[in-house]
Each structure stands twice: as structure tokens, then as C-alpha cells.
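Working notes for the structure below.
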Amino acid sequence: MLEARLEQADLLKKVVDAIKDLVQDCNFDCNDSGLALQAMDNSHVALVSMMLKAESFSPYRCDRNIALGVNLTSLTKVLRAAQNEDILTLKAEDAPDVLNLVFESSGNDRLSEYDLKLMDIDQEHLGIPDTEYAATISMPSTEFRRICVDLMALSESVSIEASKDGVKFSCTGDIGNGAVTLRSHNNVENPELNVDIELSEPVALTFSLKYLVNFCKASGLSKSVKLCLSNEVPLLVEYGLDGGSYLRFYLAPKIGDDE
Amino acid sequence: MGIKQLFSIIKEEAPDAFKEGEIKNQFGRKVAIDASMSIYSFLIAVRSGGEMLTNEEGETTSHLMGMFYRTLRIVDNGIKPVYVFDGAPPKLKSGELAKRFQRKAEATEGLEEAKETGTAEDIEKFSRRTVRVTREHNVECQRLLKLMGIPYIIAPTEAEAQCAALARAGKVYAAASEDMDTLCFDSPVLLRHLTFSEQRKEPIQEIFLEKVLDGLNMDRKQFVDLCILLGCDYLDPIPKVGPHTALKLIREHGTLENFVAAVAAGKAKFVIPEDWPFADARELFFNPDVRDADHSDCEFKWGAPDMDGLIQFLVTEKGFSEDRVKAGAARLTKNLKSSQQARLEGFFKPIPKTDEEVKGLKRKNDEKIEKARKKAKEEKKEKAKAKAKPRGTA
């Protein structure tokens, strides 16, 4: 039996919104430590890894491991019926056919209840090795989104170069080229605007902007975003959430031809 | 062509052994394509008003049209194709080939007759049956591929076998053919419908040999035996053996040797054709004559297209539209230049399923198969009932 109560429905709304264009159907794996989701997009270029820890809920109860196979488009439809400030409770039996969602409005005594049909999904899980990344960049999530959207106007792909001078996002397209460079920056008054670059060796990699712009839909979840890069491994884009929960995206790089 | 009914068996017995998806999901992969089969399908499918496309001199251009545009579509989707042409057919195939020749001859006669007496539909039907891939078609396609910068190889014998060998050695991700034979040649992955036209909106089928064997609960030898029973290109089929019977027979007897012995002993009532060298056919599937994947012929390079050469060949000689050929060549160049998107599987490996999960999955699959069977049975019953009712009483 699963019972998980979220103080604010908008956390789940935003998470599902951020990933529903990448993934259509996926399993929410529930166990006593929390709600986890791992799924690749259709073309196996990007991977979403979400963890909503038990601490993010109050209360959280899950006696047995359950996989909730959900169609995200359908879940979005149901979640649309919830207001951002509603209290949201997820409930499911041990071998569930449906996921029960309850929205309680805090202001008045309105209570809405929905059952979402579940499906059997045979999913492949990928093992993600622990990586010591050569470069870790934290920046405001709005800044990252702006860079991606701006460069997307020129080209399909962006090259990200991190060196001791800073991090440079550059692209070349048919109409011309563009580049944005950020340096480490410490804003005492407003630490949310900090740009922080940790570097053990210089890195340069190219990625598809289409995917990055898609990841940026998660910007509303967290004020800052963390990019982790190492040469020849996928990029990690992490949005940290309260209580140790997170929403992570992995993206395979574009590579020059091996021949 | 190929193995009769094999796909329907796979669909029933091992439903998780194949996936269907869009062509663009295959990007970044190298694929070996059975060229001879593709050319044949172009000659049949690329037509206008039921007639093959020709240039002003009346030379057929259907195959070139198909090869050029379908290859462009494949390359546009980030796939790197290698074409594999048939070499000399194995001796065992001569029976099948003679039959095909006979059918062609009949069809040619039929066509003549239809032209005099038949309707337009009849003419078209027979004209499609008379299609043959000639040496000239092959040579022209090879010339076209060279100009497009797409690599190709001529197999010592069967193209499917060569495709499978390349895929097995990891030179390419998969073999692409419509022919289910390719699985018997031990190709780990088979792609179907890759060279189909965009308009047909057929999803690309991806069939995984390992999962097929798992689902059928057979080793490779039994699988090949099953395919021989179903009827391959090399041997005559056994009368009264359809997909269900073939499956049952292999499950019962284990190997073709046992089956043949059982028939000889009168325990199984089937009539095996007099000349039925199943061991030779099996040998062909297990040890086909192919180029080793590390042979120098199998070093594939994707190069820039030769724009002038393409215009000379396609526009001047074959009467293609110059603008379209130029646009196509530009697309080839662009795709070659742009850096390739990598796939996540190259970095993160799938976690193998635990035994418990595998069991659970197997159970679920069995349930699904059982359900589908029941449903089919009931539908049949319904139909029988509907038929049994005399007309007009409803």
C-alpha cells in the first residue's frame, strides 16, 4: 500500500510537465525511500532520472515495492484538475490497477478524487556509473534556459567548453554564429544568481539544443541548475529539489565521425 | 522468398522479440541492407500508373529512382547504410530458382494474353510478376551508390548471409531485409521495412534473434530446423506442414533427424519429398559462404557524393530532374558533415533483469499469449455460429 501526501501539488505538476515531452509511458517505482522514475526518450539519446525522497512528502508510507505504470499524457490531464496550492495525496494498492489521486484545497473544503488507470510497462533500466565529472557548473536555471533558447535560434547544436577562464556556450549555424561566456560570479545579496565553476580539467563537448531546451522546462522547479561534464560521457543536468529530491537529465553528446 | 509464416509464429510465441518504431529511432546506427531484395521491391513498387518508370529512351529507371530517394531518406534519418549485393546463388537454391523462372515465364505468357484480352488491372498484375532483377540493374545501382558515396559489397553468395555476418561481427548494428532468412543466418538484429517508401507509413520492425529463441524456447539449431520445416528457399516444403504443425513437430522431435526417422518408422504421417537434403540446407545456414567481417572488403567508408558524376548519370543519361538530384546530393553532403548524435546505450549499460523479474515477465507474456489464443478461438466460434445461422433469419 502506498500513501504519499504532498503539501503542494505543483511539485508533481511541474515534474510531470518537464518530462512528458521526452517520455510517454513510464514506471514510477515506489519503495520505502521514495518515488523514483527512470526513462529514456524514444530515440535513446536522453534519460530522465527523478527521485522524490520520502522526506519530500508528509507523511509517506510504502510497505512494498510497487511499480506504477503511467501514461504521462493521461497523468497530465488528471493533474490539470489540481490547483498549484492544493494538497495532493497519491494512493495505490499493493498490486494496483489504478492510481488514486486526491486534491484537497486548503482554503475551502473542496475535495476532488481521481483514479488513473495503470498499465504494464516492461522497462529496461540503465545502470548509471558514478562519475567524477571534470567540470561542474552551477548557475541560475533561468540563465541556462536563456542561453539554450537564444542559441537555438541559430543552430541545432551547442558546444560547451569549460576552462579555467569560464564556461563558453557556442554555436555555428547557416545565418552566422554566436557564443555566451559565463565566469564564476558570487552575488552576496542574492546567492541564487551565483555562477560557480568547479574544474579538474578542461572539457569541450557538443550537444543537441533541441534536447537541452526541452530539459529547461524544469526551470520552474529550482532556482539553480547544475551541469556536470566530462569528455566523452553524457552531460548531466540536475535540478535539485527540497529534501534531497532531484530531477536529473542525461544527454548523450554529439560526436565527430570515427572514420 | 524467405520463410513462410515465421513472423506470425514470432508474433504469437515471442511477442517481446520485436519492436516497431519510427525510422528516426534508428539514427546513428550502421545497417547492412540486402540490396538485391531492395532493387526487386523498387522495380515492383516504384511505378507510375502501373508502368515502370523509364527515361526517354525507354530504359527502366524505377530501380535508380528507388535507390536514390530511399537511400536519401535513410541517410536523412542519421542511418549509415551499407548495401550488400547477391553473388552466385548456392546450388541448393537452383530448385527454387528454377521454380521462380517457371513462374516468371508463365507470368510473361499471361501478360501477353492479358494485353490482348484482359483489363488494365490484369495487365498490371502480370507485369509485376514478370519483374526480374538483371545484371544491368545491379551494375547501375552499384554505379549510383559509388557516386553517392555510399559503400557496398558483393557477397560471395547470398546477400542476407553477408548482412548477417556483418551484424554478428558488430560491423553494423543490424541487417536490413524483408527476408526472415536473415535470422537463420544468425543476425542478432533484423530490421524490416527500412527501404519502404515514406508514404506507406509502415513502422520499422526490429526483431531480436536472442529474444526470439528465448520466446520459442529453442536453441539456434532447433530454430533453423523449424525454419526449414516452414519452408525456406533451399528445400521443397513438406505437404500439410503449416506453421502450427511445424512448431509442434520440432517441439516433439527436437531435431529434423528425429522427425525424418519418425516418418520413416511410420510414427508420423507425413510425406517427405524424395530429394530433401535438410542437413545440407542447415549447413548453408550455419556456414554460409561469406566474406569475413575483418576482410578488407568490409572496411566501409561513407564519402562525399560526386555531384558532377550524379548529374551526368542521373540527369543526362537517365532523365532525372536536375534540381532534385542537386538537392539530394546537397542533403548527402550535409548529413555527412554534421556531427553524429551518440546514443545513451554506448555509455550506460542496461541492468540485467533479476531472475524474479524475468519470471514475472515470462508469466505475463504467457498470460497474454493465452488470452490472445482464447480470443481468436472465440472469434472463430462466433464466426462459425454466424455462418451456421441460415441467411435471412437474423
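Backbone N, Cα and C define each Cβ position, glycine as well.
If you look up TrEMBL, you'll see B:358-382 marked as compositional bias 'Basic and acidic residues'.
Positions annotated as compositional bias 'Basic residues' by TrEMBL: B:383-394.
Counting residue by residue with DSSP, the domain 'XPG N-terminal' (B:1-107) contains 58 helix, 21 strand, 28 coil. TrEMBL lists B:1-107 with the feature domain 'XPG N-terminal'.
Residues or ranges marked as domain 'XPG-I' in TrEMBL: B:146-218. Counting residues of the domain 'XPG-I' (B:146-218) by DSSP class, helix then strand then coil, yields 28 helix, 15 strand, 30 coil.
Taken from TrEMBL, the feature region 'Disordered' applies to B:358-394.
In terms of DSSP secondary structure, the region 'Disordered' (B:358-394) contains 31 helix, 0 strand, 6 coil.
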